[in-house]
Each structure stands twice: as structure tokens, then as C-alpha cells.
Amino acid sequence: MNYLGGFFMKNLLSMEDLTNEEILSLVKRALELKKRAENKKRNDLFVANLFFENSTRTKKSFEVAEKKLNLNVVDFEVSTSSVQKGETLYDTCKTLEMIGINMLVIRHSENEYYKQLENLKIPIINGGDGSGEHPSQCLLDIMTIYETYGKFDGLNIIIVGDIKNSRVARSNKKALTRLGAKVTFVAPEIWKDESLGEFVNFDDVIDKVDICMLLRVQHERHTDSKEKREFSKENYHKSFGLTEERYKRLKEGAIIMHPAPVNRDVEIADSLVESEKSRIFEQMRNGMFMRQAILEYIIEKNKL
């Protein structure tokens, strides 16, 4: 929970903003929405989606979720906005607030960008901040896991890939550990962040995990020339990708996850993206329902 603009307001900026009870409540609400559509009249509420980084799934599923909730979605394109004239993020958001926008969904390349928005008087949903956090992705991942297993206690989860630059890894580690799962990481040495937890050898644990979560290599965040120089698709797939050989070692009942976009034959063999154990496209489907639940939650908590 956050204090912004000098008064109490409920935002969703980090997984730390949610209690375990709130996480489970959101999961159950999203599953309800998945089973049956509801259309409450909210024609008087306006939402703007500000995406300063490229996005397909997060942006479009928020848009669909907003329209399913009968919200008025205001089109905002960074490329045609006054951001191109040097306007600050705060001034852009304050302008939208002053013309009647009721809430914002924001993705930005800067970690914790929302700290500069403390004087806003409308709620913010974080659509991803740099390599910081991605709460809505984490919540849809939690929903997908709960839908499969009905629990978190005792689950063994590995997150594999570019951990150092991944907001998904950070959000999932925080929330899933709190919910009772064991989360460990697999990564090339150059993309490790030891502060997040334990790193293990992929081949030592592949046959013991319940969930194998694969991450995209985040080329756009690689500023070190060594990172770029050492990366090879073939070598990465051989050492850190889910190959067909590793897939065969997964135990019965194990599932594969990936926040997408997927680099086929890099993080995962092309033939496995829609395999029996894969939940990758189901995650995308669940994303829209979870984002509906998040929007409802923010509307209700802020009495909009």
C-alpha cells in the first residue's frame, strides 16, 4: 500500500503491495472471470495505458480487460506525445490526471519510475519497470500455477535465463517464496544476481522440479559489450535452453512456463512451445482475466 499525493491510495507497483490473502483473492477472482463473463457499467471511468517500452501481451491484454469492464480506454502513443518534445513523465501523467483520466497503467524502462509520480492523485498499475518488477505478470503466473496445482506449499520451481535483467524473476521470487514454494535460479555466470537467491546447475535439478519457468534473453538491457559478445543462440540453447533431451527428464505432472515473447530454439526448443507440459499460451489467456481482476481491485480499493 502506498501514500501518494499526501493521502492514502491503493496502487499496484510491486508484489510487496499485496498480502498473501490479496494475492489469493485476485487469483480466485480471475478464475471466476475466466468461467463467466460479467459486465458492470463503468462508462464514467477513464484509463490510459502509457507504454514507454514495446509490449504485445501486457498492453493488449490490459486493453481487452479494460474494455470488458466497460472502461473508457484513452489512446496514448509515446511516439506522438509531447514526451518527444522533452516533457517529463510526471508532467505527462499529471496532464492526463487533470483532463479526467481516473487511473494509469504504465510500463517504463526506468526502475521504480513511479517514485517520481508521488504527487499524482490517481492510482497507478505498474506494467513493468525496467529490471525492477512486473506484478501483473507475476499474478498471472501465480494464477496459472494455482490452476494447475491448487497449492504453492512444497512446489519446486526453477527460473532459468537472464536473471540479472529480469523483472519477472524478481516479482516471482518475492511472491512465490512467500506463498510457500521453493524458488531457485539457473543462469549463465554473467547474468546471475546472487542477491535474489540460490543458483543451481540446470541438469542437476531438471528431473526434480514441478515448474520450469524460462525467461527471454533481454538483449535490450545488455549495455556491457562482454554480455553481447558472449551470447550465441546455439550455445545458450545447449547450456541453458529447454532442449528435447531435458524435456524428457521432466517428471510427470511438471509444467513449463514462459512470460513471452519466446525466442524459439533459444530458451526452448521450437517443438516444445505447445507441448503437453507447456502452459505458455495458457499464461497469455490467463493474463487478460488476471488484469481484469487487478483493475476491479484498484477501482474498488480507491472507490472510483
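Backbone N, Cα and C atoms are what each Cβ position is placed from, and that goes for glycine too.
Taken from Swiss-Prot, the feature carbamoyl phosphate binding site applies to Arg57, Thr58, Arg107, His134, Gln137, Ala260, Pro261, supported by sequence analysis. According to DSSP, His134 (carbamoyl phosphate binding site) is assigned to coil rather than to any helix or strand.
Counting every protein chain shown, the Cβ of Arg167 (L-aspartate binding site) has 23 other Cβ atoms within 10 Å. Residues or ranges marked as L-aspartate binding site by Swiss-Prot: Lys85, Arg167, Arg216.
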### Task
Express the distance between the Cα positions of Lys85 (L-aspartate binding site) and Arg107 (carbamoyl phosphate binding site) as a whole number of Å.
19
#### Entry: For the carbamoyl phosphate site built from Arg57, Thr58, Arg107, His134, Gln137, Ala260, Pro261, further residues of that chain with CB within 8 A of the site's CB center
Ser55, Thr56, Gly127, Gly128, Val168, Pro259, Gly287
### Message
Can you tell me the CA-to-CA distance separating Pro261 (carbamoyl phosphate binding site) and Arg167 (L-aspartate binding site), as a whole number of Å?
### Response
14
### Query
Across all protein chains in the structure, which of the binding-site residues Arg57, Lys85, His134, Arg216 has the highest Cβ count within 10 Å?
His134
